[in-house]
Each structure stands twice: as structure tokens, then as C-alpha cells.
Amino acid sequence: MTGKAALAVVLLMCLSQAIDNCNGFMMPREKRQADEGDEQSVDELCKNRPADEYFRLTIEGDCRDVVRCDQAGENGITRLAGVRCPQGLAFDIDRQTCDWKTRVKNCDKLDKPRKALPNLKTDEPVCPKDQLQCGNGECMNKDLFCNDRYDCKDESDENACSVETDPNRAPDCDPNQCVLPDCFCSADGTRIPGGLEPSQVPQLITITFNGAVNVDNMDLYEEIFNNALPNRMNPNGCSIKGTFFVSHKYTNYAFVQELHRKGHEIAVFSLTHKDDPKYWTGGSYDDWLAEMAGARLITERFANISDGSIVGIRAPYLRVGGNKQFQMMEHQFFVYDASITASLGRVPIWPYTLFFRMPHKCNGNAQNCPSRSHPVWEMVMNELDRRDDPTFDESLPGCHMVDSCSNIQTGEQFGRLLRHNFNRHFSTNRAPLGLHFHASWLKSKKEFKDELIKFIEEMLKRNDVYFVNMLQVIQWMQTPTELDNMRDFTEWKDENSKCDVKGQPFCSLSNPCPLTTRELPGETIRLFTCMECPNYYPWILDPTGDGFSTRRKRNVHLNFKNKSKYRNI
């Protein structure tokens, strides 16, 4: 393994969990304070400092040592918990992680630059009604805080905008106002829709795939979802369904058209899939519009999907784009996002709408969850319990994508993971179990694929388990139906659901269009489609491939229908 690849593996392990839980990457050390004078200095160091922020006590040494404030010590005394990067690495204060020493340029800094914060809570009112105080003492209208524009002279109005601190944040769940079919929430996210008893709730399982659909993985999808086999049918007689979050480059749209014909859900995973996570976390409204609405336009056109059913989004790297992403989704009639993860807990979380505050912490490295109210469903990704033996093994951090469960090395381990997590959902509140994959992982070992198929067939022998797509989960939640009545659940059997798929593919021979675009100079990319070849390879400034100028970039949203049954779901 190359040095760069080794570092990527190490960083990936650490970025998926709190830094001080990264065994083998950062070694925990505890700095206990010996006397009252030291404790006072610790209090000063930790004043107004986030508990998860690491900082240095000195710039001397080899740049490996940092500490953070720990307020969970004995007798409630604040202490410093220290960590040390392994030999050869240094701690990057700006990025809050270890990296190769040659790449760390801030060893002369003790901590991250401190941003001015507004005074949102004061003992006595200091500003007129409906106004709040900036960090420098000036008063501003409450509506100006966290609106992506600096209104305070010290710019403090944009520095406290998380789900917990945004003064204009969505309110806490109010079940009296949040009523199905349009709204669903609960205080901790574990409440079952419709107040049903767990024993009367069908266990829904969603299988999703991220990335391009092409010759490298289409055979895998056909084998998993083979609707010609009687043991691939749900208890209501409908074939099992999956959701495909499709990225644009290298996708064969003739294959996407066939997946859609068979009733699988097609959703978008972005147009460019840029490999800079900050691009997604801090993306502008127009960035999200061009990426997601542009990807939908391309898919609808070249996969010949005209029923308006592409209404779901998953963010690359699961880097949510905050309120801007969800404002775009509202304006473009996207129904749901499937990018936010919920930490592994005793009871899993049901999907929820974002009219009210999300019922769990915003997890992830530099994550940017929406703080405002949005008429969008969140198909939350419950982390999987990856322990081989939950009755014996010590607690481990959960994993959101199946292939991010780094301890899964054999098919036998994979099978145990599937069954244990099924039982964890089924024996509590029967929240939907999400199995989220990249196809390359399932194809990397034949035993992984075999175990998944074996699990599917095992579950389908029961009468209380359904393999459905994301939209079907929302349909059930909007009309909660008891298990005994599921065979007649009409929303899964109407003409749009494609319950029983028969007949030949609409397109047996696609056009292999070799195309170029000025946006990707020097590249010739084949666009496989059953539709007419465009003039150019569709890309961010030219999603239709007609050769639009950059001035037409922001007009992509004008091409979408907004009156389909899906976009008003």
C-alpha cells in the first residue's frame, strides 16, 4: 500500500468518529490538574470553547500533542484530555485531525482562530423586541441572524448558526401541529407513525446503491433484484424494490431506464461528484441547484423518465449542504434527502419531516445540517451495529454505509451483521432498516453478494418483512397500515408502483454517444442512452448537452415539471 493510500485509510477511520475514539491513530492521554491554581487556568482555557475542539498548550515540540476540554470529569471538574498523533504525523489545528507532518502548516498556532459570537442570551433584555445583540454590542433584527449575509459589523450574526444555536431555528416537535400525511415528528425520533403497536408494523428494509450505473454493476443489480424468481417477491405479491442514487459521469442511461422500468426508484447523487467535501458542506444555493436539479434533468432526458418520480437526493460523501441545500430542494420539488446519519442507539430512528427540529444530533466531521424549517422528508441513515457478537463484544462506533463497517472481512461476518441489525430494528420500534452500499464493495467478494441474497430470501419467507424503496417508505408512513392489511395496501399496487413487472425492455440497443465538452478538456466520454445523442457531453454548465453558454447555467430549474403526484407527495 502506498503512503498516500495508507494515510487515506487512517484518515477515513478517524473522520467517521470522534477523534479521541480513533484507536491506533491518536493515543488518548489524560492531563489531571494537581492544584486549584491549575484548575482555574483550565477553566480560563475552556471558557466558551467547544468540547470537541482540540488545541495546543505550547508550540514547542514536535507538533503531535493537543488537548480538549472534558467537563465529564470527577465531581464535575473541568479537565484537559490530551491526545498524541503517531510518530511521523502532526496535528492540523485548522482541520482538527492528524496528517503527514510535511502537510501541516500551522504548528505555530495554539488554536483555531476565535470567531466573534453574538450575545443571544442575556440576563436582562439589552435590545428592543425582535432584535438580538451582536458580539460587539450592536442590536440587529432577529431575522438577519444566520441568513448567509454579514449584518453585524463584527460578523458575529453568522457564527452561531447550528441546529442548536440558530436563533431562527425550527421549533421543537409539536405533535398537535405536525400531523400526517404532510408532517411527521417525535421528540426523540423513535415514535411509530400512526401510533401503531410494534407487532402490527411491517418491517421495511431499504437497499440503496450510490454511484454510476454501468456495465460494471448492472449484472449485480439484476441478480439481487431478479423479479423473475418467486423468492424475490414481497408478501403482497409485488417484486422487491431498491433505490439507486445515480451520479452522472460514466452512467449508462439505458441501464437506468431499465431499472426504472422494473419499478426501482431512481434518485440523484449529484452531477459532478466533486471530490472536495468542503464544496458540498459550504456549497451555495446555485451550486446545489446546478448539481442536483441538473443531475435530475440529465437523468430524466437520457433515461427517458417522464413520470416525475425522481424526487430524492443523497449528498456526495454524505456532506449535507445546510439550509441552502434544503431551500433548493423545496423550490425544486424534491421530496426527500437521504444524507443525514443518526448515531447508533438502543432504538433506531424513523424518517421525519424537517418542518420541526431534527430529533437527533447532527453527526459527522464538519457536518452542516439544516437548522431552519423545510417541507422536506429526511430519510435518516441509522448507523449499523457492526459487532460480531453483540452479547460479548465491547461497544463499537456504528457505521452508516455497509462498506464503511471496516471490521467486515468475510461473508460470515456480513451475514451476522445483517441478521443482528434486523433483529435490533424488529425487536424495538421496527423503524426502516437501511442497507446502503457501493456496488464495488458487494462485488469485491462473491461471498458478500451471496450472503445478501441469502438474507433477502430468508426474510421473504416471513410475512412481516418488505423490501421497498425510499418513496414506498414515505407512502406507508403517510398512511400507516397494520401488517394484517398490507396485502391490500393500494399505494404499493397502483399503476405507478410497477408491482408486477412483465414484458421486454423498452430499449434493447442503446446509442453509444462519444462526446466531449469544453468543461472537461481532453476527455471523450461515451454517453449510453436510448434517446438521441446530444451535441456535447452534458456537464454542470450545459446539462442538456446542447452547447449552452455559461449565462444559461442557472436556468436548469425551468425545465422541471412540478405537478406530478410524486412532487406533491
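Glycine is no exception: its Cβ is also placed from the backbone N, Cα and C atoms.
TrEMBL annotations: computationally assigned, not manually curated.
Long-range Cβ contacts of Cys139 (disulfide bond) within its own chain (separation 6+, distance under 8 Å): Val126, Cys127, Pro128, Gln131, Leu132, Gln133. The annotation disulfide bond is assigned in TrEMBL to Cys127-Cys139 (among others).
Taken from TrEMBL, the feature disulfide bond applies to Cys134-Cys152 (among others). Cys152 (disulfide bond) is surrounded by 22 other CB atoms, counting those within 10 A of its CB over all protein chains shown.
What TrEMBL lists as disulfide bond is Cys146-Cys161 (among others).
Per-residue pLDDT, averaged across the domain 'Chitin-binding type-2' (43-109), gives 85. Sequence annotations record features per position, and here TrEMBL assigns domain 'Chitin-binding type-2' to 43-109.
Look at TrEMBL and you will find 1-18 tagged as signal peptide.
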Which of Cys127, Cys134, Cys146, Cys161, the listed disulfide-bonded residues, has fewest other Cβ atoms within 10 Å:
Cys127
Cys146 (disulfide bond) to Cys134 (disulfide bond): how many Å between their Cα atoms?
12
In the domain 'Chitin-binding type-2' (43-109), how many residues does DSSP call helix, how many strand, and how many coil?
10 helix, 21 strand, 36 coil
